[in-house]
């Protein structure tokens with residue numbers, strides 16, 4: 001029997017050959033030929049029972065460094081051909097996710113859907129960023145999920161703040177990850193983590209505490225630009241100047257909030273390079289984070305429903321995947337669809353509101369048997385008139401079943417045909433909500449349905 005160690009080494013070498021051909025975009029025929037050789041080697045590695053044996057390897061991941069302390073949430077492996085496989089807790093590579101889900105706590109999911117809006121390309125400062133925030137505002141307003149607020153910050157402001165507060169350069173990212181917990185933990189616990197676990201001096205932590213308690217709008221940005229410490233950081237001043245520009249554009253967009261700047265907002269992922277933002281639903285209107293919250297009693301905790309959107313600018317990420325290293329500035333936002341749906345369902349249950357699962361305006365039903373052809377004729381008339389109509393796909397459905405279906409699906413009207421109605425040239429129109437019924441001349445049915453659905 002061949003030495004398995006030699007075969008494993010040959011597999012490793014052949015895997016490198018395959019990867020190189022793929023990276024060089026070689027012809028399919030050439031790649032297939034080398035892959036076949038690789039598969040043959042794997043077969044030869046099979047044990048006595050004829051089953052393949054696999055060698056476990058520690059894998060690398062291109063974006064590990066961009067996840068900061070959350071890199072432990074990336075699960076990596078390589079197949080025996082050397083192909084890199086990774087399971088990430090967000091969808092970064094698909095364009096770059098800005099809405100990570102981390103656990104199974106309330107309102108968080110291990111598997112989820114999200115809706116992304118991203119703008120890529122070279123544009124003047126803060127114009128696309130303002131549009132992203134406007135879109136978030138429009139979506140949450142139209143969905144009528146309840147009161148919400150949008151929080152904005154800039155990673156350059158954070159880094160500048162850390163620098164002037166005496167945080168060593170090599171601790172910027174780890175301290176940023178701790179600051180990011182301020183929406184879930186009181187300041188005293190965050191400070192304890194900074195000092196006891198992260199090794200930050202108590203003096204530096206206290207200085208950070210003074211800044212992260214701040215929130216406001218244009219006035220706060222201007223005040224920080226004049227701040228004795230913050231004004232010493234060119235990075236922070238650049239971020240604050242862009243924030244002011246952003247606020248001016250948002251005013252032109254008739255944005256709904258003025259107090260947007262929250263210095264504790266960090267969004268700990270390391271691929272953010274500029275503006276960052278997050279939308280949070282609240283139960284009792286806009287609830288600012290008070291000084292009391294920062295001193296140990298998190299007042300916002302009692303009203304927060306949870307983050308439903310987040311994003312920011314990530315100018316350095318896409319270029320990592322360009323062979324020529326070209327820079328592609330990007331800004332975007334993600335809406336957490338799963339969480340939005342969950343909140344909408346909870347609202348509907350609490351209000352006993354009937355949620356419509358269809359846009360159908362009228363169901364064409366029959367009161368007796370053997371009227372399928374008549375139902376099909378009528379539903380065709382309604383379709384041709386642009387009315388959203390439906391008919392049950394059964395030869396002789398029971399009238400009660402048809403009416404119950406309309407109640408469950410939220411279809412507002414039922415057009416009922418019977419032998420007597422056909423003789424009289426009328427259709428019995430039933431209002432599902434009130435169970436009111438009236439005979440409508442066949443020639444007037446379309447106009448009557450339009451009138452009633454427009455009023456609804």
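Every residue gets a Cβ built from N, Cα and C, even glycine.
Over in TrEMBL, the protein carries these features:
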DOMAIN    3-59  domain 'WHEP-TRS'
BINDING   90, 91, 92, 114, 118, 267, 271, 272  L-histidine binding site
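Counting every protein chain shown, the Cβ of residue 267 (L-histidine binding site) has 25 other Cβ atoms within 10 Å. When the binding-site residues 271, 272 are compared by the number of other CB atoms within 10 angstroms of each CB, 271 has the fewest. With a 10 A radius on its CB, residue 118 (L-histidine binding site) counts 17 other CB atoms from all the protein chains. Per-residue confidence over the domain 'WHEP-TRS' (3-59) averages out at a pLDDT of 75.
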